[in-house]
Amino acid sequence: MEEYLLTSRLEKKTKGKLQKQICQVVLDHFEKQYTAELGDAWSSVRDVLTSPWCWQHALLLNRFSPSPGLESSLAEQGYHPAFPAALPYLPAAFRCYSRTAPGRFPAQKHQPGRLKGYYLLNAASLLPVLALEVRDGEDVLDLCAAPGGKSVAILQCACPGHFHCNEYDDMRSRWLEQTIESFIPDPLVNLITVSKLDGRQIGDLQPEFYDKVLVDAPCSNDRSWLFSADPQQAVLRLMQRKELSSLQFQLLRSAVKALRPGGSLVYSTCTLSRAENSDVIKLLLSSCSNVMPVDISGMARAVSQEFAFLSGTQQHELLVLPEKGRAWGPMYVAKLKKVSST
């Protein structure tokens, strides 16, 4: 199991490398916005976001490619099951491991024709999947699917009747296809449709076709933006940031059209920004009379040992705040239900 061991030398090298890359223009922007939006919580969140050497990484095990000895090796290194049995929805085949110590488990290389045994991720990114509660035989749409981690996670939970993974961006769509090839066996791949449609149009193209829709929307990714290598690109991103909420709202409107009455929609982002999170959901709820919020506070309570949440959010939403020892997120999750066609 030597291949699974991390060396402190590599971690020290990573620490020095990443520390130099903090983009000051982004940090200054976040400082102003998130001090206003998060108050006292921002300083501890900022300490984690600007310290990549304290970030944690979880492993989602691939049920289609068991790795003998992996779970015992993980236990020896201090990893534990990330999600408790008390969760309202936790399929038996869904196995994710995390630990409080920072560090990243070795990644597995893509090898055509060979399935990977695990997917490395931020554990908070699995909360939208668990909130979606996919069951066997349901028709499911992952509207903005690349790089494919949530698509892979959905297939660890259930076997959809039809699974549509969409990614508009050409390069990211190829990344999505490679992820599916790396984790999903051929018989199941035949149930999956990968498309490169504009997500804003899918609702009109396939009205009331899906039981469950996940909108893991394009957003201002707080973690990666803080380490923008190109300051000019960072300035451009910050200027375009105001336009994201409009795109997110349009994607949600499309998702509602694509849902069957009685179907569920989960919206998620990896940003702390209120404009891209609760404000977008409020606008959708006020403009779509056939959509109702769904209480996910039970899920939040069940995982409160593993994740830190912003207090004061509505029952249909949660926001994971990174903190030391629980350096997951940011991850915003909201759940809605379509109650009728009109």
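Sequential numbering from 1, following the chain as shown.
Each Cβ is built from the backbone N, Cα and C atoms, and glycine gets one as well.
Here TrEMBL flags 45-339 as domain 'SAM-dependent MTase RsmB/NOP-type'.
Summarising the annotation, TrEMBL assigns S-adenosyl-L-methionine binding site to Cys144, Ala145, Ala146, Pro147, Gly148, Gly149, Lys150, Glu167, Asp198, Asp216. Around Gly148 (S-adenosyl-L-methionine binding site), taking its Cβ as the centre, 25 other Cβ atoms fall within 10 Å, counting all chains.
Per TrEMBL, the feature active site, nucleophile maps to Cys270. In the shown protein chains, 21 other C-beta atoms lie within 10 A of the C-beta of Cys270 (active site, nucleophile).
Of the recorded residues, Cys144 (S-adenosyl-L-methionine binding site) and Cys270 (active site, nucleophile) place their C-alpha atoms 13 Å from one another. Residue with the densest Cβ environment among the binding-site residues Cys144, Ala146: Ala146, by other Cβ atoms within 10 Å. Across the residues the record lists as binding S-adenosyl-L-methionine (Cys144, Ala145, Ala146, Pro147, Gly148, Gly149, Lys150, Glu167, Asp198, Asp216), the two Cα atoms farthest apart are 20 Å from each other. Between Gly148 (S-adenosyl-L-methionine binding site) and Cys270 (active site, nucleophile), the C-alpha separation comes to 15 Å. Cβ contacts within 10 Å of Lys150 (S-adenosyl-L-methionine binding site), excluding its own Cβ and spanning all protein chains shown: 23.
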